[in-house]
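What follows is a set of notes on a single structure, which appears directly below.
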Amino acid sequence: MDMFIVRGGERLFGSVTVSGAKNSALPLMAAALACEGETTLSSIPNLVDVTTQSRVLGSLGMDVQRDESGLLHLKTVDESACIADYDLVRRMRASVCVLGPLLAKRRMACVSLPGGCNIGDRPIDLHLKGLAALGAQIRVDRGYVIARADRLRGANIFLGGAFGSTVTGTCNVMIAATLAEGTTTIESAACEPEVVDVGNFLNACGARIEGLGTPFLKIEGVERLQAVEHEVIPDRIEAATLMIAAAMTGGDVQLNEVRPDHITAVMEKLREIGVTIQLEYPQQPERRQSVWVKVTQPLKSVDCIALPYPGIPTDVQAQLMSLLACVPGISIVTDKVFPDRFMHASELARMGAKIRRESASAILNGVSRLSGACVMASDLRASAALVLAGLAAEGETVIRRIYHLDRGYECLEEKLIALGANVQRVKDEPENMPESLKLTDGEERPTYSELLDALTGPHWNLNPSEKPTPSAEG
Ligand code: EPU
């Protein structure tokens, strides 16, 4: 396993290009299952999750190849395979996106339930509700969703849940509906740009979907989908993460290949915090372009709420929390999409952040500077948040379990290093622990004598009579 050593305090400066969107790439790859012929996808990021999705599709009879120029080619070679096994699906929840295309194209699907997740409950009841409304017979047996449908038929489907719409659920049902007989309407559809990207791809293949980007989709079923070439949209979460990195280091960064209209809420919030953001084409936010992010004034604390699109994405909540943890003043960060997605808060607290959890919110009392510590990444976005915290912290930060980060950010450390950050990837071995965080017994706790020094050192402002006299025993 690898870990990062981040030496904080470097101001990010320069230019960096945003990769293609992971959360578009994964359902797009699944959608290729529903097509005739060869699908070619460009700007597919090189990520562990993409490799996992390729393996899931390979186990379902697809030939998936990446060529030297980075294009991903997907073609069905065997239509008989319909089982997506737990061993693969448990690695990545997005593999559940094969359910809709399999049902639509092969009339049967057996897909493992993905299992637990560090960001909170992630049921798939809405996916199943939508597919059942299209006429699929579905049962859950020994951890697998087993579904059959002789013919899918258009239906009126409401896909809203307690926490709003579902992104992959909308993709699943939308893909299935494109090949259903008659008209389907989906109310409370997810409006996320990734859903629109999948819908645009399907329409280019011959589907008839109206209303993309709105909560109401109308889909006229067609007989077949003919595979096409498609370019994946830029990753709005990566763009937002890099913007926040620039803000946290007082940097001056040019981001290329950004769709500003996909991150309006994040840019608005950063501006409210005091970050300067300029667009290459301010009148055309829907165009891919460069965006400049810099800090020229002290930043202000704010409140922010993660909501379904077009709100601030839940996938940026952790990174915003890192930023606000070191902006003096009180900020409240709320997540209405995944109300338990706060695993990063306790790790940020290890770096000196003052955070109190209140149900779906975290109340932050911003400190002027975080301090380096040894922290543990719990999920993809939490890992990114800890890397950002390390960039802004004083001293060295070690981030363990960064395999989470490799699942969803293409070359994040290379990009940060190109901007001047001091980030090093090393094996997670005791001997690689930096001196500042190293322990005599090989663990990452401070030594007893360091703690004693911290207790008795000269920096306390106490009356001599109030000074603690710690015992010399270990
Ligand atoms: N929900 C239900 N029932 C369902 C499906 C979802 O109650 O059948 C609830 C969830 O528990 C959650 C909310 O609805 O509270 C939204 O979940 P959604 O289904 O939209 O999430 P998802 O499709 O599984 C995608 C992204 C996530 C991102 C969420 C929210 C992909 C591959 N994943 O997940 O991305 O957080 O939408 O925007 O598109 C990430 O990239 O780090 C990541 C977790």
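Each residue, glycine too, has its Cβ placed from N, Cα and C.
Small disclaimer: the values here were computed from a predicted structure and weren't measured.
When TrEMBL records Arg93, Arg122, Pro123, Ile124, Asp125, Leu126, Asp315 as binding UDP-N-acetyl-alpha-D-glucosamine, the matching candidate from Val64, Val275, Val291, Val337 it lists for that site is Val337. Here the CA atom of Asn23 (phosphoenolpyruvate binding site) lies 16 Å from the CA atom of Val337 (UDP-N-acetyl-alpha-D-glucosamine binding site). The UDP-N-acetyl-alpha-D-glucosamine site in the record is lined by Arg93, Arg122, Pro123, Ile124, Asp125, Leu126, Asp315, Val337, and its two most distant CA atoms lie 21 Å apart. Cα to Cα, Arg93 (UDP-N-acetyl-alpha-D-glucosamine binding site) and Lys22 (phosphoenolpyruvate binding site) are separated by 13 Å. Between the alpha carbons (Cα) of Ile124 (UDP-N-acetyl-alpha-D-glucosamine binding site) and Asn23 (phosphoenolpyruvate binding site) lies a span of roughly 17 Å. Spatially, by CA atoms, the binding-site residues Arg122, Asp125, Leu126 include one closest to Lys22 (phosphoenolpyruvate binding site), and that is Arg122. On a Cα basis, Asn23 (phosphoenolpyruvate binding site) lies 11 Å away from Asp315 (UDP-N-acetyl-alpha-D-glucosamine binding site).
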